[in-house]
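Engineer: So TrEMBL says this about it:
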- A:1-19: signal peptide (SIGNAL)
- A:37-56: transmembrane segment (TRANSMEM)
- A:106-127: transmembrane segment (TRANSMEM)
- A:148-166: transmembrane segment (TRANSMEM)
- A:186-208: transmembrane segment (TRANSMEM)
- A:215-234: transmembrane segment (TRANSMEM)
- A:264-288: transmembrane segment (TRANSMEM)
- A:300-326: transmembrane segment (TRANSMEM)
- A:360-388: transmembrane segment (TRANSMEM)
- A:409-428: transmembrane segment (TRANSMEM)
- A:434-459: transmembrane segment (TRANSMEM)
- A:471-492: transmembrane segment (TRANSMEM)
- A:504-522: transmembrane segment (TRANSMEM)
Amino acid sequence: MLGRILSLFMIASITVAFAAGADLGAGTKAEELNVPAIVMFFIFVAATLGITYWASKRTKSANDFYTAGGGITGTQNGTAIAGDYMSAASFLGITGMVYLKGYDGLIFSIGFLVGWPIILFMISEQLRNLGKYTFADVTAYRLKQKPVRILAALGSISVVILYLIAQMVGAGKLIEILFGLDYEFAVVLVGILMILYVAFGGMLATTWVQIIKAVLLLAGTTFMSIMVMAKFGFSFDALFTQATEIHSKGVEIMSPGGLVSDPISAISLGIALMFGTAGLPHILMRFFTVADAKEARKSVFVATGLIGYFYVLTFIMGFGAIVLVLGDPAGTYLAADGVTLKGMNNMAAVWLAHAVGGDYFLGFISAVAFATILAVVSGLTLAGASAISHDLYANAFAKDKVDEKKEMNVSKMATIAIGIAAIFFGIAFEKQNIAFVVALAFTIAASANFPVLFMSIFWKKLTTRGAVLGGYVGLISALVLVILGPVVWTQILGNAEAIVPYKFPAVFSVPMAFIAIWFFSITDSSEDAKRCQEEFDAQDIRCQTGIGSDGAVAH
Amino acid sequence: MTQEQVQLIKNNPKYQKLVSTRSKFAWTLTIIMLVVYYAFILFIAFSPETLGTKISPDAMATWGIPIGIAIIVFAFAMTGVYVRRANGEFDGLLNDLKIDIEKEMN
């Protein structure tokens, strides 16, 4: 059944692509059809569909669907986490940001990275020892299931949707350029593909697509960086000197500047990036795919190394793009206005691939970038669907009437709903820099998910009321401050002056969440509060030692 | 876990040692990481020109670049330090503890 659907889909999508190609041939579109890119692209799509097919045969229980049966090794999981993290937003967005703003791009990279040691020291083992499928398993461990699960699900879904937007924009742009298809059509295509991957392949498919794609992406970006450096005799100074001569901002690109111009925004961004990582549902979910705390630790070590290496490469690639793409004498990569890149600035990395490696390498990198997007949106969608099926449906609303089969059906329906939402928002956010949209997702993750998760692991006095009210304070304040801020209020909604002058409100919303959690817990004298506090010791022992958590593995 | 088992484990000196050494270690590393990162962020916030200073008069590279890359390398090194100690010392303590508990419960 699945095989038939997948092969039907393959035929349909190839037909669509070539129909579009014929359209291109008629000269109605500006972009040329890039045959090597399309060939590589279909090899990837076919390979990932193959993995999905293989995984679907092995995905029978809910445990398989959510956590790949818990049998992923630390190194595999670390590579997959790196794959989740080296998303289109990282690869296209950060390279694009370095290309556009120079040094400021590195600030983002560093912020994205330094959350990892904190996750290792404070969260990863605890999560593995306490949880099963979603991070809400941890927060609901000794608190009241229903309200805590609903809160965690809302936090997860908000983050997932925002993060998905960034990926969809990247995917849409990429296909637009490769095939000359309309942006909207491209976004719809990605949405449909991603629904197929998740609904059929579950966590096992997602993990393996991530691992393969992480390796390919690292190989491709390593090659690109070496080619860039070779053009400058492996001298950073030669690269920087030429970049400052070409870039309109001149030497300003060598120091922190426009992106985080005021102190509040800089600190706020720092908080969002660092603690946001520890609140990303699709990342947290990955800690349930390994067998024990030791493997969870190893995952973070491997992931941090790969991600750090990758970020250093994006910095080289961004500067390389300034010289080789922006500075290309023939202006090959510029749009008609002679200033912006074809397909917007998020495409700097893709055009750099062409500049250093020609059509075939462009094809390779485009295909890898596309595989990246598919893999990451699958992980995100899985996290969103799990929040809906495991937290909302199975543990909050339909508690006594649930069997595994029903729960999995709900997660498949949720997958479709999230896919449609992602398509809709992907179109609405077309013009945003995708690294920025990701920063918003991080703000919400840091404000709503992280404080509740952290306090439920470490603070004995936490009560249900404190966690729930505090979590909502974080979630709502982050959302409201972002909506009233310059990006949504001014750029998207078209109002004149932003009510809140800061792009990144984490410096306000994160402390607000912590204070609310603390305040509503210590003033809580209910019976439930007493019970939550009494049950802390048992939770803490399991959290510290893993005793009692082996059940999550033995399937 | 019953209340008795909880008390049994909590009163075991090996458990107490494991928890106190590990959390001390984890918090120390966390604080070091926070200090390093927020020092960097505060420079961006209040004194971006410091990071924009050239490494040498005839170089184009600014101090911000090696510092930035050093933070990335440092973060990775910190995870290595933690994993090393946790896989050795802490897991050793944990295994001893598990053997103790097994005995006491039978």
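Every residue, even glycine, has its Cβ placed from backbone N, Cα and C.
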Engineer: Answer yes if the transmembrane segment (A:37-56) and the transmembrane segment (A:300-326) have at least three CB pairs under 8 Å among residue pairs 6 or more apart in sequence, and no otherwise.
Structural biologist: no
Engineer: Taking 3+ C-beta pairs under 8 angstroms (sequence gap of 6 or more) as contact, is the transmembrane segment (A:434-459) in contact with the transmembrane segment (A:264-288)?
Structural biologist: yes
Engineer: For the transmembrane segment (A:148-166), name the stretch out of A:106-127, A:215-234, A:264-288 with the most CB-CB pairs under 8 Å.
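Structural biologist: Checked against A:106-127, A:215-234, A:264-288; highest Cβ contact count belongs to A:264-288.
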Engineer: Short question: which residues 6 or more past the ends of the transmembrane segment (A:360-388) have a Cβ under 8 Å from it?
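Structural biologist: Hits for the transmembrane segment (A:360-388): 34, 36-41, 43-45, 48, 66, 83-84, 86-88, 91-92, 133-134, 136, 152-153, 156-157, 160-161, 163-164, 167-168, 170-171, 174-175, 177-178, 190, 193-195, 197-198, 201-203, 205-206, 209-210, 212-213, 216-217, 220, 223-224, 281-282, 285-286, 349-351, 353-354, 410-412, 414-415, 417-419, 422.
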Engineer: Report, as numbers and ranges, which residues of the same chain sit near the transmembrane segment (A:106-127): CB under 8 Å and 6 or more residues beyond its ends.
Structural biologist: 85, 90, 94, 97-98, 135, 138, 256, 259-260, 269-270, 272-278, 284, 287-288, 293, 296-297, 299-301, 303-304, 307-308, 311, 314-315, 435, 439, 453-454, 457-458, 543, 546
Engineer: Among A:264-288, A:300-326, A:409-428, A:504-522, which stretch has the highest count of C-beta pairs below 8 Å with the transmembrane segment (A:215-234)?
Structural biologist: A:300-326
Engineer: What stretch in A:264-288, A:300-326, A:409-428 has the biggest tally of Cβ pairs under 8 Å against the transmembrane segment (A:504-522)?
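Structural biologist: Highest pair count goes to A:264-288.
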